[in-house]
Structure formats: C-alpha cells, structure tokens
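Student: Next up is a structure, given as structure tokens.
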Amino acid sequence: MAINIEYVILRHLQMELKAPFTTSFGTFQTKELILVEAVDCDGVSGWGESVAFSAPWYSEETVKTNWHMLEEFLVPLLFSKPLRHPAELPERFAAIRQNNMAKAALEGAVWDLYAKRLGVPLCQALGGTKKEIEVGVSIGIQPTVADLLQVIERYVAQGYRRIKVKIKPGWDVDVIRDVRRAFPDVPLMADANSAYTFADAKRLQALDEFGLMMIEQPLAADDLVDHARLQPLLQTPICLDESIRSYDDARKALDLGSCRIINIKIGRVGGLWEAKRIHDLCAERGVSVWCGGMLEAGVGRAHNIAITTLENFALPGDTAASSHYWERDIITPEVEVQGGLIRVPNAPGIGYEVDRRQVERYTQFAKVFHRTATA
C-alpha cells in the first residue's frame, strides 16, 4: 500500500505543566514540543510528537534543533521517493546521524497515518496484543521529604502499579529509606538520570536494602562499561535509559552485562520501528523492558500506549494519566488510568482524536511543507 503524503505541518506548541517537575538535571514548568501532522491525498492525518526539551539537559537534541532537522532534512527525505511502509523510514533517515527525537516525531506521524489507512489500531499495526497496560508514575524531586510522601500517597491511592522517585547526590539513601518505611509494600524504583559516577558505588549499594525494582541510569548518559562494572556489585537491577539510543546500544549493553532491564523511549531510540526491534531483542535475551516517559502531551502518550502493547513490555511504564501533567491535554478523550491500568483504544491509528481547538490554543507558530515544495 503506497503512503501518499501530500503535505506535512509542523507546529511549535508550549504547554504549562500543572506542577513543576524536578530531576537531577533541571526543573520544568512548561513543555515546548513540536507536533507533526502528515496529511495524505485523501485528507487523512497522521500525528507525531517530538519529545525533545527546550534545552539540552536530557540529550543534545532540543525543540529548536528538532525543528531545524525536520525542516531542512527529514521532511525533504520523506518526500524524496515513494513510501510503502513506515518501516522503510529508518533506512531512509540513516544518512542523518543521531537526531533520533526528530526522526521519531516524523516517523510516528507516518505510522499513525499508515494504521488509519489500514483501518486498524496503531498497536495492532505494530504487532501488539494487550487490551490494557499497567502503568506507574514518575515523581520529581520535591521540596521536602514530607512533600514527597504526600505525593506518593496520592498516587498510591489512585492505584498506580509502580512509583518512581527521582534521586541525586544528597537526595537518595535517606529519602528512599523514608519512602520505604512509609510504603513498605509499594513497588518502588529510583531514577538517577546519570547523577552518579562509579566512585559512588558504595552509596548506590546502600540502596540494596530497600528492595527496589531497579535503579535507572545511575551513571553517565553515554556509558556502558562502568555500568557493567557496577551491576555485579549491586543486588538491585540496573535499568538503562539514556545509554540506549539504538538496537546496537541495547545489544552491546546486554552482551557486556551493563543492565538487567531496559527502558525504551520511542524518541530516544529514533522511532517506533527501532523501539520494536529493541523490544524483540530483549525478549530473545529474556530481559524485560518498559516504556519511559518524556513529559509527553497526548499524541506522544498515545504512541507510548501503542508500543507498550507488545508482549515483553512486562513492567509498568511511565505513561501516567493526562491529568497528571496537564490541565487540558491535546487529545480527546484524554488518557485515563483506572486501578493502575490504561485501556488500549481500538479506533484506527493512535486511537484518540486530536483536539484541534486545544492544539490551536497552545500553538506558538506553524509551517506547512508540501510535497512539491518542501521549503
């Protein structure tokens, strides 16, 4: 089936978070993002979302660099020759090094359009089978431990299946001890966002007593070797996030023993197809995966739900309810969590309608790129 995309619209959105979100590398009050709309010859739209932040805290990509890459390189490559399947795009984009979040945003829009043309949910087009997915919640660094415990209590009461607490030097062992004392039976993990070095091994070993599901990305964002040295010293499984940008990164990490769990983020690895390949590799190796979050708006959240329906996404992901982050999301219905579960939509494509009124409300500027004139 040919995918005949006539034009692409890039929209720069700015959305206000309901509450500040703090990690080891910064505090976020607003989220900028690029919404990608790919429209075919029959007027059917597919939607994708860039998950890059406004500054290069998480990776070298930013909203501005993503816009540049999409405008100058990726959209022209999309239009450069006929396309029959979204899985062709990674090879087409391979000449562009890195810039995975920009690639994923455009590829995601094409996948959504492709599934809609087939008349099937995106999850089915990807090979997913689950009808509902388990979800956890990610909680940023709070002003005080008392504040953190109060936030956790609220989300435990809402039924979230796993609590993730951000940590950094000075906000780690004692904090996790207080959390575990208050919530002895809650599935709990810690996320360091690369805040430590191998010299901190003894401090990280001190987390073993709390029965954590995992510690996420304790060491440098580009490291595999020191994680492989650290993992045998810990009872707690290491989960890699920032270090895994591709199938080959995942293969090397598993070969080295750098981790026991992998967090798959669609944007970080360059799109849905690469995410699926990493999922399949981990399934073959007996390594569980889960879907991480990047403060996505509704379109990105919908893509996360779709990929999580693959069988080896065996651990609760970060795809919390829309209301966890936004007063009003850009999709309808919004993503809702009931008893720690999200019911997977069965409508074609991402399964949610994009609320164009809300999109217009949040849009700062936009640009249209036609097949016949990509500038």
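Cβ coordinates are placed from backbone N, Cα and C, and glycine is handled just like the others.
Since we're looking at a predicted model, the values are computed, not measured.
Relevant sequence annotations retrieved from Swiss-Prot are reproduced here:
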{"type": "ACT_SITE", "residues": "Lys166", "note": "active site, proton donor"}
{"type": "ACT_SITE", "residues": "Lys265", "note": "active site, proton acceptor"}
{"type": "BINDING", "residues": "Asp191, Glu216, Asp241", "note": "Mg(2+) binding site"}
Student: Sequence gap of 6 or more, C-beta under 8 Å: which same-chain residues meet both conditions with respect to Asp191 (Mg(2+) binding site)?
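Tutor: Within the chain, Asp191 (Mg(2+) binding site) has Cβ neighbours under 8 Å at Thr23, Ser138, Lys164, Val165, Lys166, Ile167, Ile215, Glu216, Gln217, Asp241.
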Student: Of Glu216, Asp241, the binding-site residues given in the record, which has the fewest other CB atoms within 10 A of its CB?
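Tutor: Among the binding-site residues Glu216, Asp241, the lowest count of other Cβ atoms within 10 Å belongs to Asp241.
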Student: So what sits near the residue listed as 'active site, proton acceptor' in its own chain, CB-to-CB under 8 Å and at least six residues off in sequence?
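Tutor: Spatial neighbours, sequence-distant, of the residue listed as 'active site, proton acceptor': Val51, Asp241, Ala275, Cys291, Gly292, Gly293, Met294.
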Student: Let's check the environment of the residue listed as 'active site, proton donor': how many other CB atoms sit within 10 Å of its CB?
Tutor: 24
Student: So, in DSSP terms, is the residue listed as 'active site, proton donor' helix, strand, or coil?
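Tutor: For the residue listed as 'active site, proton donor' - judged by DSSP and reduced to three states - the answer is strand.
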Student: With the Mg(2+) site defined by Asp191, Glu216, Asp241, which remaining residues of that chain have Cβ atoms positioned within 8 Å of the Cβ centroid?
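Tutor: What remains near the Cβ centre is Lys164, Met189, Ala192, Asn193, Met214, Ile215, Gln217, Cys239, Leu240, Glu242, Asn263, Gly292.
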